[in-house]
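Here's the structure we're looking at; comments come further down.
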Amino acid sequence: MLLSGRTALGLLFLGIGALLLRETYAVDVGAFAVPGEMGTMTYPRILLFGWIGLSILYLLNPGKPFNAHDLRASLPGVSKVVASIAVYIILFATVGLPLGTFLFLLLFFSLMRYRDIRRMISFALLGAGLTWLVFEKILGVVVPQPFWVGLF
């Protein structure tokens, strides 16, 4: 019996989420653990539980007919967003959370054609500051330090 494309896609995403979730428990984070704070794998686990939940909802929800023309029309915009997220991952690892988030938001705003540079900078600073505050100070998530921190 062949699976429908929708069911196969839902099962694929469910399987990927389960495999990635298993890997978050396989990583030894004992050296980085701080009592009373979230560990390095806590946030990825939260995201992956959401991923798995959405995959299950996708499987249980009957789908509407798919129109590929709508997808083709949105492909350039979606490609820009995906590319900016890839850049953010690289920035996050190289320049750290606050500066990486600030630069990512500036890039994202420019890709979305926001043209008021003062607002772009203000919102990017606000977004980077809030992201840093929530993850590092409130939640206590241990985030990677940029490579240049050890140089000073």
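Each Cβ is built from the backbone N, Cα and C atoms, and glycine gets one as well.
Copied from TrEMBL, the annotated features are:
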DOMAIN    8-144  domain 'DUF1468'
TRANSMEM  42-60  transmembrane segment
TRANSMEM  81-111  transmembrane segment
TRANSMEM  117-135  transmembrane segment
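Counting only same-chain residues 6+ beyond the ends of the transmembrane segment (42-60), those with a CB under 8 A from a CB of the stretch are 6-7, 9-11, 13-14, 16-18, 20-21, 24-25, 135, 139, 141.
Residue counts for the domain 'DUF1468' (8-144) under DSSP, helix first, then strand, then coil, are 103 helix, 0 strand, 34 coil. For the transmembrane segment (81-111), same-chain residues at least 6 beyond its ends with a Cβ under 8 Å from one of its own Cβ atoms are 120-121, 123-125, 127-129, 131-132, 135-136, 143-149. Residues 43, 97-99, 101-103, 105-106, 109-110, 141, 143 of the same chain sit 6 or more residues outside the transmembrane segment (117-135) yet have a Cβ under 8 Å from a Cβ within it.
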